[in-house]
């Protein structure tokens, strides 16, 4: 069975982002970029399925600027067999990415697509679900455990839900989005980094896939959240409880 | 909280813009080392350093390597247990292929350039100095074996050492033979089967025993019965912890035991072993290369090891700088200087703290630039098709290895100490973490030849012996750059030009004096050896910072808005005013200072 | 045009996050319909009908909605979406699961996790883990929105509106619930906890540490942490330690009890959303980072706080 893993190039999770002073967005100039952490988990799961003899091929796909190639090379170094880059300089929103992935799925016919549950830049948490909907496939979001049935026609997925876990059985082909507890991604080995350079990486475009990727949401401004207003002293327990309930709204 | 973050931006700048990664990637055999591949390697190495090695640095220091009388794997003898997590980290390190980065592809290595190895090694050392020594020593031992060992020895050991399944050591020092290796007494007795039995005690053996690998390959210096006295009678032997069967499997335990480990100021997680060879009938050893050429062979790995230790200086600067910077941003003390009243501010606002941080940063960048440039020259010297180019680069490498080793590590200590100072009282508290860098950095200026040994090597073998030719060629190159600096506009470049021009002339004058004096009064020249090493380090560091500033300006002129370039120019200017400005004083100290060093009678001390 | 809010429930009880979503719908303005889809969930529909701001409740009761599977639920919402200007759901695990399916099937963008309503088509949502707030405008005919509950008041009670039954959609049969494993009331793990109660050396003993902090932690549903000083003194186990050399935490609420605020401790918790400090020394550095400081004897304050919260 073939597995498709969408990966996204995002600001490294260690970077403390800065809002541009003109409020037009986040200052991304010269900021360290990495693979979205949830996508690393997704690649890891796919590669483990291949190592276990369940999957036959792992295809990584990314959409965006040409430098998303670096992220695809990382995916290849982690064990993906080949990669597809959908190159565009249009700002891609989840619906557009889902449509692009649908077009790729129609060509590639994977049995399982494993996106990360969300990208740590826009925090949308939509693409996997949207892709499943567009394909009319079942979905299993926020997965913490995956067991593919022996005949590979279905899978049992344990999902992280509010208050605990639930296990669902889904028919394949399907989309499963990863949560962090699904696995612990490996480090790429040096020989695999070297080999990744030689693995096939195919480039296409939204136009070639016949997808309109025009954004549907307009970002009017980006602002920093309000700073901590430190040092307020309260007189007694009653005032503290009142502030926590009504001002901070944390209890 | 200050976690190590690999300084990839500066590393990449130095690799590409100063050290010429592109040219290195054109050398025969290095075609794979393209910029995008190297970026991918650096990214992953950074992840490993930050995610696996750095978190073990403080716990490793606190727990330390432990020796016990029945600490061997099966309890049949003494042995060393590593701090928690090291064994697993090492296994992952080896599985990930990091031990093989620079190694010969014939034995499973990736054959990447030393320049790339330098960048990756710096990260290991910043993240965890104690850990980094195990692969460093293994790489050195494997290099010596691959250059000097017989085919049988290579086949037996190199694949496993390259993959990191086995580790390696260098056994030189004996209690009476420290810096003076001519005093080595360990014996090697020839056996009928062509092997030798080794007897003797070695001390200060880094990773002489540990539980991270299934075998340890000791390279041991010893004398055969017919050997002449002194350095010309020393041979090198391979003495594995476990003998290796013909099929490559492990055989009997060899008579090579770690009988204790040292209690040290720093690098607590790195076991520094006292090794006893032959206490129970003789340790089986195999001659490497020819008899009596052991010291020569050892110097092959010594040069690589000295370069590696020099990177410890870079690494110490970087790590100490990061922690001090993070602390200075967070720590709020006193109101802004020159302001009455007002809120208390983070100490990074205070000029003296700022000066300390700039000094740390400038030293980190300058030592890195110089070390990588020397690493690239090594690659050119070994691989370039043109003989003259190879020779010229080799001469430069030979001249600069003692400087990379001596200057960077002395600076590393100084910067780690400044890092503590930035922390104030908290810096003196172990829990803060700044003190460990100083304790760990302290050894770097000692092992693989003290700074004094480096300085004597520099002024004797590397300068006086050839009449200062390589140094003079370097000075000419510096003067050419200074002419470019004179053409650059702006206040920063005016300052850099002024200090650099003076620094180069101070270097030239002191260099001339050393070469001239060495033949007539070697003691006077030697009295100025270490100051000269520091002078050359400062001026060469300033040379690289000035080059960096010019490149940065060109980028800015071409419309690049990356603030990195503006920062680079400012840092270069700081280096010029605060560090290069010491060159004149050092030159005076060299040319006028010998009488003050030597005049007192020994019994007046 | 009216707004459709999808209720979250377990077939017996309406989940409170629904009230926050209704409150967001109220801010957008217009009639508000609540869709309750489930199995044997009439009680939920009745509860929804009593929420202030709701115009009417639409109830779909069929076995194949019992487990709220995303595929069936999304198809049902899409079938009933025509005529609505906005479709809202709480940004809970359940809401995040099905709502993007709705948006995709409607061929519109989803606006995730909104924290403010600017106008009928413009909303504020956090990006980069809350390090920035984006104001976004939707150009789609229908706005599909998930609502961050903590950013909107819970809508209150009002006199009940009508509950109207809707026809169920088909069972797509794409997935099947095997089982659920819901966490019991055990204390949350430190680094994952929403609320942390942390104690320092001022607690004076291991017995005090537990007897004073645990009731407070129970009242808040909180994990328990400790300063290094408290751990070193043996009042709390090692894995409780919050700080530079311990665990790094960033809960919504961090209550520091008898912790002076050494730099190493602050390093481990200064990214908490709200910090409360209880300390008898008014000059303790912890107060510099605390949103709410209460100067007082922790042995009086902590039990009183626990009692007030219970």
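Even glycines carry a Cβ here, placed using N, Cα and C.
Annotations in TrEMBL come from automatic prediction, not curation.
Per TrEMBL, the features are:
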type    : residues                                      : note
BINDING : C:201, C:227-228, C:241-245, C:258-265, C:279 : FAD binding site
DOMAIN  : C:3-181                                       : domain 'Electron transfer flavoprotein alpha/beta-subunit N-terminal'
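TrEMBL feature annotations superimposed on the structure.
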{"residue": "C:201", "record": "FAD binding site", "Cβ contacts under 8 Å, 6 or more apart": "C:227, C:229, C:230, C:233, C:235, C:258, C:260"}
{"residue": "C:241", "record": "FAD binding site", "Cβ contacts under 8 Å, 6 or more apart": "C:225, C:226, C:227, C:228, C:231, C:247"}
{"residue": "C:259", "record": "FAD binding site", "Cβ contacts under 8 Å, 6 or more apart": "C:198, C:199, C:200, C:202, C:227, C:230, C:265, C:277, C:279, C:284, C:286"}
{"residue": "C:262", "record": "FAD binding site", "Cβ contacts under 8 Å, 6 or more apart": "C:227, C:228, C:229, C:243, C:285"}
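Here the Cβ of residue C:265 (FAD binding site) has 28 other Cβ atoms within 10 Å, regardless of which shown protein chain they belong to.
Annotation note: residue C:259 (FAD binding site) sits in a coil segment as assigned by DSSP. Across the domain 'Electron transfer flavoprotein alpha/beta-subunit N-terminal' (C:3-181), the model assigns an average pLDDT of 95.
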